[in-house]
C-alpha cells in the first residue's frame, strides 16, 4: 500500500520541483543595442526620502564586464560612524538616511558594528573589496545580504559585513537564520517537503495508534480489580496515584493529594476511632484499603450530617482547587456523598496526622525554641500561601481567607510543622464579588479569636485585604499560645488559650467586645519572655499582628520572612545546635 501511494504521488513531486525551477529567473544575454541603451537609462536614487534622477555617469564610474554587460556603481548606505541602538541580536536596520553612489563600480557596501562600554556605533560605507578594511579582507563581498562576522584585532572585538546588492548594508543580520530564500521559493519547497513526508508520517501515526490500542487492551485484561469491600463496592486506583506508605502511616503521599478520582465509586474505607468533633462535623481516623492484602493507608474522614451540606460544599470547593496544594495546608484526597442508616452524609477524606491539632499538642507538650520557630514559621507560610494570588511556581491563584483560624484548626505534622485545616467558613476573594456579596458573608469565626473589626462588624468591604488582616490577628493569638509553652523563656505554665481566665471557656461575642474593644485587651506578654532574643523578636512580631488598626498589621508573608530571618540568625549564632530537644512525652518541670 505504501509503495502504491508513493507511486501515485510521484507525478506531483515532478510538478512541484518544476515550479521550483520556474521561480529561478533565466539568464538572458543582452544584445549590443540593449547594452548601449542601458548606458542612457535614467537611474533613480532614494536619498532622505527623495528620488533624484541621474542621467549621466562619468566614464570612470562604469566598467564593461567580460560578457559585454555594463556594471554600474553600487548604491550603499553611507553614514560613516554614528551612534546606534542596534544590538547584536538577530537583525536590525541601520537607520542611516543617506544613500550614496559608490565612487568606483567595483566597490561594495560595508557595515561595521562596535560596542564600547555602553556606547554602540554603526559605520556604513562603500569600499573596494580588493583592499583590506580595518585590517581585514572583505570575504563575503559577493553576498547579496550583509551578514555580520566577528572580528578581533588588538584586543578589540567588533562585527563587520559586506555585500553587493543595492543598499544591502541597511539591513544588518547577526544570525544566519534570517538569510532565507525568496518567499515563493520557500513556499514551494515547503509544499514539496510536506508531500514527501506525508506518507511515512501517516504510516507512523497509524502504527502508534495501533500500538497504543493494543497496550490499553492488554492492561485492561491484566489489571487486577479490588475485592469487594463490606459495602460491596469496587474501586480501582490510578497507577500514577498509587498510595505509598510513608511517615509511619500518618501522612498521605504528596503525589496522591488532590489527585484521586474514582468517579461514582466510593473508596473502600473502614472507620476506626473518633478523634475530633466540631460545630459542623466529626473527624474519624480510618483505614483506606489498597488491595486484597492487609495493607492500608491511615486517613482522616470528616463526616458532615445532611444539615451541614453548605459547610461541606464550601470546604470541598476550597480543597478542590489544585493551586491550593501546599506543604502547610492539609492534603486532600476526595469528597464523597454517602447514604447510611442514619441518612445521607457528606465525607471529606484527607491525610491523617497522629499528633493531632495544635491546641492538643501544646496542652500535652512543652516545646523548645527550635520547635517554636518551626511551628510558627510553617503556620505563617501556610497562611501566606492561602492569602496569595499566585502559587510558589508563579501560576495565578484565587486568594482565600480562612476566617476561623485558631489552634484547634491547625494540625501538627510528624516533623513538627503546622498545616491548616477546617475551611468550612473560608471565603474565596473572587474579584467578581460585589460589596453586597462580601457584606452577606456574615460575622463568622470563633469569638475568642475574632479581630476587633469583626467583633464590631465594621469591616472595610471596599478592600479585600481587610479580610486577610483578620486572619493575621488570629494568627498572632496562636503564636502567643506557642510562645507561652516554650521553655526558652524559663518559666512555663500550664496551657491556657488566649485571654485565659479573663473570659469564659466559650466566650460570646459581647464578652469579647468588652475585653478587646472597650478595654483594648490582649494576651499578657511577661517581661521575662523578652530576655531571650528570639522570643523577643517573636513578641514584637505578634504585637504588630494584633494591632487594633487592621492596616497597621503585618502581612502573613512578612511574618514568614521574619521567621526565616530568625532561622538565619540561629544558624549564625549556633544556638539551635546547643538547644536541648524536648522529650516526646513533654516530661519537663513546669510551673503551674
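Every residue gets a Cβ built from N, Cα and C, even glycine.
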Further ATP ligand in TrEMBL, beside 275, 276, 277, 278, 279, 280, 281, 282, 283, within candidate set 302, 313: 302
Number of Cβ atoms other than its own within 10 Å, given for residue 161 (disulfide bond): 24
Euclidean distance between Cα atoms of residue 86 (disulfide bond) and residue 168 (disulfide bond), Å: 16
C-alpha spacing of residue 79 (disulfide bond) relative to residue 275 (ATP binding site), in angstrom: 84
Local Cβ density at residue 168 (disulfide bond) - other Cβ atoms counted within 10 Å: 25
From disulfide-bonded residues 92, 96, 109, 126, the one whose Cα lies nearest residue 277 (ATP binding site): 92
For residue 404 (active site, proton acceptor), nearby residues of its own chain (Cβ under 8 Å, 6 or more apart in sequence): 422, 424, 425, 426, 444, 445, 446, 449
Site diameter for ATP, Å, by largest Cα distance between 275, 276, 277, 278, 279, 280, 281, 282, 283, 302: 14
Same-chain residues at least 6 apart in sequence whose Cβ lies under 8 Å from residue 86 (disulfide bond): 92, 93, 94, 95, 113, 120, 122, 172
